[in-house]
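Quick notes on the structure that follows.
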């Protein structure tokens with residue numbers, strides 16, 4: 001595990017029974033710009049304590065509270081040290097997914113907070129943004145660890161007009177696809193990743209991506225960012241399994257730095273058709289992000305539908321915002337009265353974000369995690385097996401015997417029995433196995449004999465059926481011949497021209513009765529045959 005000596009300790013991750021941790025939200029107020037001063041804009045902000053401020057809107061005042069509020073005179077070092085980014089870095093090293101999000105209107109100081117001044121931020125360390133300072137602190141954490149292998153990879157992408165562009169391999173016609181999988185959630189397909197072994201290599205990747213980002217001139221900002229930039233540092237660390245020193249586990253943490261494009265009024269920025277298209281795209285994605293934040297921060301809506309899929313930005317941030325990661329939101333505002341509406345909107349969204357609860361979990365390599373689970377199950381089975389062996393090897397001792405006898409005497413007796421019982425148990429098991437084998441063979445022989453007897457009975461039954469059919473045929477022939485002879489004798493007694501109809505009917509009745517009697521006699525014959533068959537069997 002990562003050592004935290006001399007540093008702010010990471011938060012205690014709550015169990016699944018607890019509600020979770022809230023998103024950390026800090027506010028940074030930039031100074032008035034020369035343009036705002038020349039325009040004679042008034043300062044609408046009144047600072048109170050470290051975490052709250054008042055917004056003066058005419059005769060009304062609105063109070064907002066955050067985890068920390070940085071005044072205009074706060075430099076980059078103060079923001080980095082007191083915003084809680086160090087805590088996120090330590091958690092990312094331990095395998096958590098951590099998101100740092102800069103949010104605010106155009107020209108409020110988001111990019112300056114994240115990466116410093118665009119022209120000199122990578123030359124002068126004193127104006128480093130929080131990203132460069134986080135990179136240096138990350139490698140200092142690596143140096144403090146012993147017997148832990150770290151692998152660092154970085155990627156840099158932007159979302160420009162709802163198209164994803166690789167800032168490390170920029171091509172105007174090459175837009176990357178956004179995919180979803182059960183293991184990765186939403187991810188950018190074919191996004192270029194660079195493995196970085198040193199601070200300088202990682203800083204150069206950040207610088208290269210920042211140089212290729214879309215920027216443009218704007219009334220509120222001469223170098224306005226026209227896209228959402230996402231700089232991701234993937235950290236893989238190999239540690240020994242605490243329960244099995246022979247097993248290595250790979251934790252997969254992430255540091256995601258997202259510099260959002262600024263929200264803006266279209267009527268104040270539509271200098272050209274391109275800027276109008278950019279502004280509409282920016283506002284649309286930020287509107288969806290605001291809806292997601294509002295829904296997640298509302299206890300009545302957070303279990304309902306969250307519109308992550310309405311924009312690519314919210315798709316990529318869905319894993320962190322939904323509660324699986326740790327989130328730090330840096331809200332940036334201007335004190336100018338000219339932008340009071342945008343400032344209040346930023347403060348409202350940031351206040352709602354404070355209500356979002358997260359339950360971060362450590363991400364392990366799926367294959368190694370599965371192997372570790374199997375090894376733990378195997379160890380449980382081994383323990384159970386050992387327990388059962390103990391129960392077989394050692395005789396049980398009742399509670400009364402324990403109380404009546406000396407414990408040492410019982411222990412010695414158990415030791416003596418333990419030397420003798422394994423052989424006895426093995427011998428008894430072998431004899432039991434032999435008995436089962438003999439019994440099984442006996443049952444098999446008995447079954448074979450029964451099958452043979454059953455087959456003979458079936459053959460005998462078939463033969464009896466054939467004999468019965470023969471007797472039935474002969475009986476029918478005799479009945480037919482007997483009936484014809486009797487009818488001929490009766491007919492000779494009367495003239496052919498005077499045959500009494502009564503006699504004819506009686507003969508018919510007699511013939512029918514005779515047939516019925518003959519049939520009954522045949523049934524009795526069959527019954528005798530069946531009785532003889534049963535006596536034979």
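Glycine residues also receive a Cβ, built from the backbone N, Cα and C atoms like all the rest.
Per TrEMBL, the stretch carrying the note coiled coil among 377-404, 405-432, 433-460 is 433-460. All protein chains included, residue 110 (ATP binding site) registers 26 other Cβ atoms within 10 Å of its own Cβ. The binding-site residues considered are 106, 108, 111; of these, 106 has the fewest other C-beta atoms within 10 angstroms of its C-beta. Here the binding-site residues are 104, 109, and the one ringed by the most other CB atoms within 10 angstroms is 104.
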